[in-house]
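Okay, structure first, notes after.
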């Protein structure tokens, strides 16, 4: 885990002190992105993807003159209720993973803020996949499809129209999503996530056994759209198995 | 596919330049229809029929002195989030399928607008069925009922009260919905859809294998009501099969 | 069916012309009851009880000095979308079933108003059960529990806490709900509904095979609360059967 | 049951007359807690935990200088619709269980207020577990997991990420929730609930056979978060069993 990207609060790098950074921290684009993280968190909570404070949404802050690899990143805190997260409750990170601003400490019974435990995983996806957004979902069917065959490291489905909603896939393509084994803490998943992304360059998702799924896209719209398609396909697989039908 | 109706942006026919057209394009009835397409899209998204940008709703614009076959048609763009589609995001087509107005290009990360890939299918239904509205749903159970028996080209159910909600059917009538095979692109379904409509004149729906369903009605109320009944009956069939009961 | 109560629009009885009637028609209590019918219809639609214009809600209009058997009755029209029904869209009937006021005719594509086909059934329940409200639901599980054993005329369940929510029942009581056979039109159910109510005086519900359920209570709160309990118990029965567990 | 805490309306203890009490009864913190009980009741109703007036939510009133064991307690009335409960509809109890304020009597058809039948159970949990909030849910899956093996007094599940959401549990810990037998009235559960809490000090929940579950936490956020995790795990267990998979 030593070489994996980390969210670090106190070791602020020199770049942070550049004046341009502070202007960007106050930009409309950043405000909108924070609002969007809050809004999508509520929407996904209602879809059952983020219950029990599990799961998380992160977006890059799109700015016209900033290449994606340099864009700021908005993340949510660890262990907060996703149905009650306001735009102010979010973290802003530099593209390298340094925390630029953190949410204010809220009164009892809220815990002091701590950046999401998924930060190293999100940063790894941003780094490897040129993603603009990542969704980590605890949707029940995402969890269950990893348990149908506990010795398989892949979820496969084909001949479903909704596969067309997954980037780079047509109706006749088989969708293959790698499954990695779960670990006691999110940070311990960095290595296997990295390996899965490398091993499945066509996939825009990695399932975590008995846990959930990470899904990403070039933009928040692409990530959300694909997340809806993946969850549809997971639900289809579960129902087809209940019906004794192949998929 | 050569003879099938097509949405064409640039080949605007002479009729479009008639003054009356432009008055109609600004009518209250058109505004209300665009608002209704947006509103129904959100409602159907919440019912699970339009997730992952899949599925679509189209309505004819009712005007008192305009016969249905000449009415304008409102459609949604291809690949847009149906939970976030405003009235302005819609297309207006002439009854012949020419695009009269298109939505403004939205800022990043939205894609430039492109009329729904279902346009030729919707136009075919309007042409053949004297419909006032068509709903294309990706509801999971609509997809799954086509997979129970992959060699059957019909979904059949009978003795269910909700069959009375389907136009032209009483409680003792068997409901028969044709199933056509899916294809890589919507446009390739025109021929088989045409054949299914011709072969099943009593049906107001055509299922598409591993994909979803097209449902229509004389008016948007009839299409929506029947769509709710069809989805209820699809859900019933799936649950009855899970329970090992006939339907 | 000759002796069953009927909703009749044109044969207004003499009583209707009494001045007191017209005052009551304008009362706050009536306005609130119409609003409540509209509000509950939307809520029950969202619960899946009233989809496809199926199902219906009717309430008596509570007034302090009017005994329940003389109270006005609010009903909804036949074949209207229950998610879009305003207070003005409702009918007011005298306790004897004469229509006192009907909704205004709405513009195209709405149909001209027609009182719910359930009117004779609702009037029969009001007459026999001293009910203050009746809910007719097409909830899918209510329909399915009647299909598990097509030769049984009863739904039975016991040892479930939620049975305590049904009027007159404790935890150790078995809940027995009669099932009547469906018929092509609601009016044809009057006789069998009457017989079922007479045969099961402890029940506050009658299931209709392959159709749904009628549930009533002394007040709208009692009817709604019991309806939630019945639907919970129907859902439990379906899931228990899927799990291969007795109930 | 003689030694169990009881909600008593008329035997107001001397402490109640202390001036400080009346100030606290009017505090902002109390107002917010009453509003939160109302708000959470609606949210949990929508999740299916509180239908048919079943289930209940209770919170302690956090005040800076008041130790938790002395804090006021907000409870809801017995038999009220949890989707329509306003902040004013709640009871305030002293830490010892004496009623300090009760809701106003509402007009017909509401029943006169009566404190929740769960009061002795809630007080017992507050007393034994140093809880800040208790949720009693009738969620269907919570009920059903107690019926899978009617001779087992425990619900067990392991190797599920969502177990990490339960206080004191890591991913590799097995979650064990005791199941007590149901009884005709809530009050009769006090003894077995007490025994279960004593026997399972690591558990923050007790299931009641064929009934539902009691879940608590140090704060309302902890109780709600854990409740979402427990319900997720109950749903997972039911679906895994339907799929024929172990858990």
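Using N, Cα and C of the backbone, Cβ positions are placed for all residues, glycine too.
According to TrEMBL, the feature domain 'Class II aldolase/adducin N-terminal' maps to A:35-238.
Under the DSSP three-state reduction, residue A:118 (substrate binding site) is assigned to coil, being neither helix nor strand. Counting only same-chain residues six or more apart in sequence, the Cβ atoms lying under 8 angstroms from the Cβ of residue A:118 (substrate binding site) belong to A:56, A:58, A:75, A:136, A:186. Residues annotated as substrate binding site in TrEMBL: A:118.
The Zn(2+) binding site annotation in TrEMBL covers A:136, A:138, A:211. There are 29 other CB atoms within 10 A of the CB of residue A:136 (Zn(2+) binding site), with all protein chains counted.
According to DSSP, residue A:161 (active site, proton donor/acceptor) is assigned to a helical segment. Annotated active site, proton donor/acceptor per TrEMBL: A:161, in sequence order.
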Stretch-averaged pLDDT - the domain 'Class II aldolase/adducin N-terminal' (A:35-238): 97
Assigned conformation of residue A:136 (Zn(2+) binding site) - DSSP reduced to three states: strand
Local Cβ density at residue A:161 (active site, proton donor/acceptor) - other Cβ atoms counted within 10 Å: 23
Recorded positions (A:138, A:161, A:211) in Cβ proximity to chain D, threshold under 8 Å: A:138, A:211
Under 8 Å by Cβ from residue A:211 (Zn(2+) binding site), same chain, sequence gap 6 or more: A:138, A:143, A:146, A:182
Subset of A:136, A:161, A:211 (recorded positions) with C-beta under 8 Å from chain B: A:161
